[in-house]
Structures are given as structure tokens and as C-alpha cells.
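Q: Per TrEMBL, the features are:
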- 154-223: domain 'Cation-transporting P-type ATPase N-terminal' (DOMAIN)
- 1177-1197: region 'Disordered' (REGION)
- 226-245: transmembrane segment (TRANSMEM)
- 398-422: transmembrane segment (TRANSMEM)
- 434-457: transmembrane segment (TRANSMEM)
- 905-924: transmembrane segment (TRANSMEM)
- 936-955: transmembrane segment (TRANSMEM)
- 976-994: transmembrane segment (TRANSMEM)
- 1040-1058: transmembrane segment (TRANSMEM)
- 1070-1090: transmembrane segment (TRANSMEM)
- 1110-1131: transmembrane segment (TRANSMEM)
Amino acid sequence: MGEKYRKGHHAVLNKGEENEMEIFGYQTEGCRKTLCIAGYVFSCGILPLVFYWRPAWSVWANCVPCTLREADVILLRTTDEFQIYSRKKVTWIYLSSLNGSVSLTPDHPVIADEDYVINRAIIRPDLKVRCIQVQKIRYVWNNSEEQFQKVGCLEDGFTAAKIHLKFGSGLTREEQEIRRLICGPNAIDVEITPIWKLLIKEVLNPFYVFQLFSVCLWFSEDYKEYAVAIIIMSIISITLTVYDLREQSIKIHRLVESHNSILVTVCRRKGIEALESRYLVPGDLLSLSGNKIQMPCDAILIDGGCVVNESMLTGESIPVIKTALPKVGDTVPWKLCGREDFRRHILFCGTEVLQTKSAGSGTVKAVVLQTGFNTAKGDLVRSILYPKPMNFRLYRDAVRFLMCLIGTATIGMVYTICVYVLSGEPAEEVVKKALDVITIVVPPALPAALTTGIIYAQRRLKNKGIFCISPQRVNICGQLNLICFDKTGTLTKDGLDLWGVVPSDKNGFQEVHSFTSGSTLPWGPLCGAMASCHSLIVLDGTIQGDPLDVKMFEATNWEIENSGIDFHVRGAPAGATIVKPSQATCQIPVEGIAILHQFPFSSVLQRMSVIVQELGGNRMAFMKGAPERVVSFCHPDTVPSNFASELQNYTIQGFRVIGLAYKRLEINHHITAWIREKVESDLTFLGLLILENCLKEETKPVLEELTSANIRTVMVTGDNLQTAVTVAKKSGMIAESLRVILIEANEADGSSPASVTWKLLEDRKHAGYRDQDSYINIGEDVSKPRDEEGSYHFAMTGKSYQVISQHFSSLLPKILMNATVFARMSPGQKSKLVEEFQKLDYFVGMCGDGANDCGALKMAHAGISLSEQEASVASPFTSKTPNIECVPHLIKEGRAALVTSFCMFKYMALYSMIQYIGVLLLYWKTNSLSNYQFLFQDLAITTIIGITMSLNAAYPKLVPYRPLGRLVSPPLLSSVFLNMLFSLAMHLLGFILVREQPWYSATDVFSACSLPKGNISRTATSPMISGKVSPDSFMSYENTTVWFLGTINCLIVALVFSKGKPFRQPIYTNYIFVLVLAVQMGTCIFLLFANIPDLYQRMDLACTPTLWRVYLVIMLAVNLILSLIVEEAIIENRALWLIIKRSFGFQSKSQYRKWQSVVASDQAWPPLNQTSYSERLESASGVSYSNPVFESHEETP
């Protein structure tokens, strides 16, 4: 790409990130700018308006390309398929503004350290910095690397040792002042947008500009009634939109306003200072003490430990333990220095520090990592302020359709100009009539009419407890054909009940100890593990932590307390947690257990460990985690030979199983001398903890409903594979009769390349436990499951999915065609999986409880959060009811809204074409419709229909096919085209026949019928009676005929296009719409057959013989019958269209359809009991999509 641009003119900002953009350098040129200003004046403001809509055009017109170093204007373009342009002005930051507080020279030691980006950005000797602000993030020009780089965060390349060395003592005042000036304040400022700004932005929308043009034209033609009506509707629409935007702005402002004024304690090299959090800069050293501290920034913990509530980010109110970044002298960046997830050392902005635990006599200390909008909370707020645009073909097609209408209008304008010029009409009249054609073909009410269905669907969803923050996604829900579900808390109940524990010794597994009887577990290592191997804390007198940990600990009948000042254990931190037997427990030979150190749970490691010491007794290490992982750290002699079968026995019943192990440690070692690898080795296996996690009552019926509607369901969980498969079978996601094929993939190991193996998962037979996630069970029958298409399901772990993505990418699409269960998936892998399904052209929905699912919820076409935590702002939809019943509701409403949008589009297009045909026919006689005739059609007919036609509710049953997803599709285009032909034929027939009638007169519009004598005496001065027509009158027989045909035809197409089943309730259930149609039709028939001179004169209608009126009714009836037959027998006939598709050899363009054909025709697929190897040995460096905001611990075993 770079070859197409001048060297230094183009670069990529945030490469590889979600907000990646291309940037181009431009320099303002005086001559060009002068010409543009002249253009602004001579175009009467049209040119600046065009530049406002197209910022790239403004840059290209005013500037010349240059290098980014020389640029004073930066043009940005998103790298996604939308390629949206934006314009940013380069600004300067002058360090001389600090002279009052800091005396700086070009060689000052504070700005001499080239390790920092901010120092490399300072231009010497002027001491100034070039910067741009993009989506609330500041980027400075790095002079040495010649690129714009983000500031407001510490450099990623620092090692852990360097962070301790450079920032462990705090910043000097000079460093702090310079960083504050360059990085900006540590504030997530979301201003409440002034109403005038919102108003201007809304009014400058192209839609309202077109309306303004239309209104001005109508006022010039004295068509003031409809102009006033459009003005009133526009004012209402603008007012409601501005009100909603203002309320949203206030809501976001309130979400973050308290963040900017938190009082913090900062360590300086010359002491401690208290200041407001907005003055913090990256590198500041925070001193944390006390409880319930709101974090105003992202910070790296370097001394002590913390217990943090990250519910703001993850949606899960489970305390998370944070540990200090170790002082290691590695040369690798600090994020890669340890085996643990580096996020374990980060206190994220917006989270609450529940407890602080100092390592010694001092306080807990943390180095500010990121400030402002660079932080986790800032990133979340930015995702709300700058949502990713959705690419839905409906909106692209709508633009294309609009362009076709504009093309049609252009033809009509040329025709109008020719007719009126040849007739010798004044130039002013010719221009007005030509411009009128545009407002007829492209109705100003079109966009408003298209949104009514979405608005009504939103209201119905709200009544069902489903809230939407992204209305445009409602239509997309109508196309969903694959739904990913989290398991725990989504398909299954939130709470876990401790069913029992299965102790283990040298002789194998013992009898199950059940806790249902209330009996306590006798003292031993197993009891000690249950009492101490957790991350529970006591807060405000209650035990808080992971529900699994709480259930496990409560079963022991022990108590938690913090150590007092008289507690002394060598190397133990002050305030260590102590667990003691309660008075209710039977004789326990130990006074209690002190938890000296924790190795926290990680979803990547799938385990946690603790170092504990009995009060006055032995020191031990306990481990708890996924059974397969725990036994891999145990001495083989301690693992029962029937481990795999015993584990399978419980997992196939859907139980949640946790493994426990321990080892004794030497007391004479200091706590800090123990590293995790050493502690977690040669353990003794203790047994299995069995927890029950039942399906929610609503799960199975909902999944059955989705399956019957041909909507594919997939489980994406962090739980055990066998448990996930069992839940999938119990819930009906996988039919009991179908086979499950396990896909196991392994990374390259030494000389062995990466491999993938397909094995049949059976219920009773098993293999060993060593190198598996789920003790694979290989059946004897190796025949391929070819009973029917899709008669098998693939299941795999996150590890296998990652290996396949990196080493077997060509196989991934084939695998995804039948993959149903994904277990042990990390949050990043969940997001990546959703993205892979989208690449196959699936419309993907994601339903999760908000915990660890936020990344996938954002990535999906429709993310549905079952959590009402603040994290739900990342999801387009949030359900108040915490079960998956919301999913079919959303799909039904989405389908109804989508069909409604198509119905309204077809209706508005036909209404425009009907009026267009009628007006062009009348233009042939240099006539037109009168203002009142236009007003009746536009306001009394179309506007009211547009409001009421969309009121049909969603059909209560999901049918096994989706509505059309494209406007530019044969059925829809055929419907519009055929109905347009019927209207054209009917109008032409009426227009020609009326001129052939014996009573027709081109000059005397009263020749057709005589009026009652009583009326004549009362209206003797009326021009109707004199036989003459006012020069300004539009009255003619052609006008009357065309108007009646067009007006009633608008009602006919409204009736024909108002579809009911299978996606919406039948038309008769829309009582308001039926009543409106009845009243409108009655009014039109009354006008047609009434002989009321005053009314006819006001409407510019000519009196015609009754027989002619009957002819008109017959023509309209024939049109109605033809339209209904065509719509029902052809347009809505799915079987017919399928036959046509097959006849013409039509092939679906969807990737998943193509892959389904490939899989169906591959006789060797799936390759059961076979192993495939990658062609290359080197390890691929594929990285799953991840967002640091949402990466947190998964479901804690």
C-alpha cells in the first residue's frame, strides 16, 4: 500500500488494534484556500455544506499532499470496509508555558532521557511538541521514529526491573509538570453536549437539508399546508432526536463525572503529596491505603497486594486478587516477564479496591500505567462514544435504491423541461415544475417512514424487558442464523450447590461424602484444602468471593478472620487471612490455618494455589482447579487408576468437577523464596469436589424453538469439555442420537509438527488422563456418521481451537460447519470465534451473562447481555430477565422490523411512482395536481399510513427461514416493478379513455353533468356554473381521473404490501391500520360519488357522469386483484422462487453455504481416528482478538 503514496505522506495509526486508521499528511495552501472561500460565497453556502458531509473533499480542495512531518492537517481513514474519513488539525504544545513553574533548557536532564516517547517528541531548541487528538486520544510526533505515537501511557517496552527502578521512588515535580502538559489531564471528560450543537448537527443532516429545499419550493408554489405539516413533523422529529442525544450525553457524563475528582496520595522523591486524580500522569507512584478505593487510572501494582471488585468491567461482582509486579531482571517487556497473566498486576480504572495488603510496614504502592481515555474505563466510554458502524446490506441497498429514484427524477425533469419549454411557459414556471419532480420521486418522509418499524419494535422489546442502545441493530436481528451461548449463568443456573466430595488415597477413590445430610468432613488435607484454597475475603462482616469458593468454604463450617498484631509467622505478611474451625465443628486437632501466599486463579492456567501454615504446625501448599490440570502436577502414584472413568461418571451427568491436591513444604524457607513452578510440582492428589449446576427451566424449550427455526446454536464456555457436551445434550443443543466427535490439536513439540486428531466421544469407554482436557473416550465403532447431513457435532477446547487457527487455518471453515461445543475458551478466544463465524457470512448473535463475554458481545452482530452491570453498555441489547427467553423474542421482533422496513420502502417507492406517473401525464397537458390534491395524498393518506402500517406485532412463532435481507433482490424488485406497471397501465388507460368519452371537453369542465338547481341558485357567482375555469385552477377531466386513480391506488398498495404471516401478525390484528384504511377508503369513495360543488371546487375536481366513476372503480378493482394475485402467487411464493433459483443454477454467495456443499461432497470427512500434521514446524504467532478492558478471570474452578 505504501508504494501508492509519496514517502512519508502515509502511515498507519494503532496498527493491529480495533481502532486502526490510515493517516495522510497535508499542508494548507493559500491559493487553494482563497478559491474555496470564494466558492463558499458564490455557492450560497452549499460548498461548505458539502465539505461538512465529505471532510476528505475539504482537505483535498484546501491542501496539498506532504509528508507527515510537514503536515498541518491530517486526513484519517478507517481501515475497515466503511473507510470513513475524518480531518484533524495538527496543534502545538509549547513547553515554554511551564517557565513559571519549571525552568527548562534544551539540554535539561529531565527531557534528555530518550527512553520516553514524550522526550523523543520534543523539538529542540524550540521545546515544542506536534500533536493530534483522535477520538479523545492524544498522539505526539516522535521525531526519532518519524511517526505519531499515543501518549498517556507507559511504554510497553519497559522491563519489570526498569519500572521498579525508574518509577519506584516517584517522579520529580519537573517530570510531573512536563508529563501533565504533554499527556493531558487524567480525566474522562464527556461534556454534556450543548443543545445548540446537537441542533445544528441534526439540522445539517442531508435528510433535513433536502426537506428544507422541498419546503422552500412548496412555499414558492403556495403549497404551504403540506410545507407547514412537514415543518411540524421535522420539528417534532428533531426535538425527539435532540432530546434522546442529550439524555444519552447526560447519562454518559454522570457515569464518569465522579472519576475526575478523586483525592489520591502520590509519592514524590521528596515526600508525599495529596492531589486530585485529574493531575496524575503516567509514571506517578500512588500510595494506596484503606478499603473501598475507586481507581482513577490504570496502575501497575509494584508493592503489596489488593483485592479488587472489577464488576464495572466484567459484569461479575467477584473479588479479584491482584499481586505485585516482581522485581525481575529480564530483558523482556514487563507484560511477558512471567507465566501469569500480566493483568494480575494491574489495577484497572473504574474498579474498586476492596482491601489493600501491604508487604511490610509500608503502604501498597502502584505506578500509574495509563491515564484518561487510555485507561480501561476510558476505552469502554470511547466504545460508547464512537461505536463501530454496522455493515448491513439493507442500508447499502437503500442508498442504491435512492440513487435509482434520483435517476428516475432526472428523466422526469428532462421530460418536464421539454414539455413546458415547447408550450411556451415562463422560465420560472419551468424550473418550479422540474424541481417539483424531485420532491415527488424522492419523498422527504421516506427516512422517517423507514425508522417507524424499528421504533415500534424497540417499544415492544422494552415491554418485554429487553433494552436496546443501538436501534439500527434491531433489523439485523431479523437475519440472525447462528447464536453463541455462554454456559454458566446463561444456559445453566448461576448458583452452584455442593453435591459432595470424592476423597482419594493410594487405594483409589473412596465413597462419596455428601454434605446434604449436614455432616462435616473429618479433618485431613482434603478438609484443609477446602478451608484454605480460595480467594475469599470478609467485607462488612460477610464472606465475599467466587460463588464456587463460597459454597466450598461454607461446607467446612470454618470461619475467616484477619490475623492480629500478635500473629507471627516467619515471612508471613501482616494481616494474613486466617481460617479457623467454628464452634459447631467436631473436634479438630488444629487451631486454624494461616493463608500466607496465594497464586491466583487464571483462566489460562485453569488453577489456583495457596501456601498455608497450620497455627503452630506444618506448612503446606494446596491446589484447586480443572481436574485434568491438577492431576498433571501430581505424582502419578497418587492418582487413582480409574481417575478418567470416575471423572467421566460425574461430568456426563452434568456436574461441575474440581480437582484438589497438596504437598508439604519446608518451614525454614521464606515465603518469597517459593516460586509457583516449585510449589506446583510433585503434588499429592486429594480427590474431586462435585458441584451441581442445573439447567435453567427456560433453556431447553428455547433451544428447541431455535433449532426448529433452523437457527444454529453453539456453546462457548470456559468450563470442562465433557460437562459442556453433557449440558449440550441435556439442553437439546445436541440430539442424544447424534455423535460427538472430539477434535484434539497439539502445538508443535520439538521435531514433531502441530497435529490435529479426530476421535469419537463415547459415554462409557475411556483412555488415560495425562495429556487431555476431558479424558477422551474412543468407541469401537469407527464407521463414519453418514446417516444424514449434519449427523455429527464437533467439540473442542480453547487450546485446540487456537492450534487449529494458527496451524490448520484451511481446515477451520470445514470444522466450524459442524462445531457445536467450545470448552475452556478464554475471553479473547470467544471474540475470535465470533469473528470467524462472521467471516463465513453467518449473522451471529451472542448471549452471555456479561462476565467474560463482553468482547464477544461487542463483536457479534447482536450481543445480548443478561447482566445489568455497567459492562452491559458494551452490548447492544440487555435483558432484564436473566434467561435466554429473550433470544427468540429479539429474533421475532427483528424479523418483524426488517419486513416492516421492506414493506414501508416498497410502499413509499410505489406512492412516489404513482404520483410521478400521474403528474407526468398531466404535465403532457401542461396541467398538474392542485395543492389540496397533493395535500390529501401526502398528508391524509401517505403520512397516516406511514405511521400506522408499522404497528403489526411480531408473529409468535419462528418459522424455519429468514426474511429477505436485501432490497436489491428479485422478489422485492419484481414486486415494485410489476405494481408500478399495473399503476402505469391503469393511469394511461384512464388518461386515454377519459379523452374518448362523448361528454369530454378540454375547455368546458362542466359539460359532463348538470348540478342540482338548488346548488345553482346558491352559487350563481361560482366559475363552476359559468362553465369557465379560473386561470389558476387545475380542474380538468384528466386531472380528476388521474387523481382518483392515484389516490385510491395508494390505499391498494398499502393493503397489498402490509404483510402479516409468517413474520408479522396478520393485518387484521393491526386494528388502527385497518380502521385508518377503512376511513380513508370511505372518504375517497364518498369524494368520488358525491356531487358537492363547493367541495369539488376546493379540491379542483370536475364532475363526471356516474358511469365513468363506476369505470374508475372497476379499473381500481382489477388493479387490486392483479396486485394481490401477483403478491401472493408469485412474490410471496417461496417454492416458486426456489424452483427459479434451481432452474437458473443460482448459487448462494454466503461462504457457509459454499462450505456446507464442500463438506457434504467430501466422502472422507470427518476423518475419524486419524491424525493430521501441519506442513510447517515453526510456531505461528497468531494472536486472538482481545480487549484489555474485558480480559479477566474466567469461570473459576
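Glycine is no exception: its Cβ is also placed from the backbone N, Cα and C atoms.
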Q: Within the same chain, where does the transmembrane segment (1040-1058) have neighbours whose Cβ lies under 8 angstroms from its own Cβ atoms, ignoring anything closer than 6 residues to its ends? I mean 6 or more beyond.
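A: 903, 906-907, 910-911, 914-915, 917-918, 921-922, 929, 933, 936-937, 941-942, 945, 949, 952, 975, 979, 983, 986-987, 990-991, 994, 1067, 1070, 1073, 1077, 1080-1081, 1084, 1087-1088, 1101-1102, 1104, 1108, 1112, 1115-1116, 1119-1120, 1123-1124, 1127.
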Q: Go through 226-245, 398-422, 936-955, 976-994, 1070-1090 and flag the stretch with the largest number of C-beta pairs under 8 Å relative to the transmembrane segment (1110-1131).
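A: Between the candidates 226-245, 398-422, 936-955, 976-994, 1070-1090, the best contact partner of the transmembrane segment (1110-1131) is 976-994.
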Q: Across the domain 'Cation-transporting P-type ATPase N-terminal' (154-223), what is the average pLDDT of the model, as a whole number?
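A: Taking every residue in the domain 'Cation-transporting P-type ATPase N-terminal' (154-223) and averaging pLDDT yields 85.
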Q: The transmembrane segment (226-245) vs the transmembrane segment (976-994): three or more C-beta pairs under 8 Å (separation of 6 or more)?
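A: These two stretches do not touch.
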Q: Would you kindly list the residues that approach the transmembrane segment (936-955) from elsewhere in its chain, counting only those six or more residues past its ends and only Cβ-Cβ distances under 8 Å?
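A: Those are 225-226, 229, 233, 443, 445, 448-449, 452-453, 455-457, 460, 892-893, 895-896, 900, 903-904, 907-908, 911, 915, 929, 1043, 1046-1047, 1050-1051, 1054, 1058, 1060-1065, 1067, 1069-1070, 1072-1073, 1076-1077, 1080, 1083, 1099, in sequence order.
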Q: Treating G and I as helix alongside H, and B as strand alongside E, what does DSSP give for the domain 'Cation-transporting P-type ATPase N-terminal' (154-223) in helix, strand and coil?
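A: Going by DSSP assignments, the domain 'Cation-transporting P-type ATPase N-terminal' (154-223) contains 43 helix, 0 strand, 27 coil.
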Q: Checking distant contacts: for the transmembrane segment (1070-1090), what same-chain residues at least six beyond its ends satisfy Cβ-Cβ under 8 A?
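A: Sequence-remote neighbours of the transmembrane segment (1070-1090) are 940-941, 944-945, 948-949, 951-952, 1044, 1047-1048, 1051, 1054-1055, 1058, 1099, 1101, 1106, 1109, 1112-1113.
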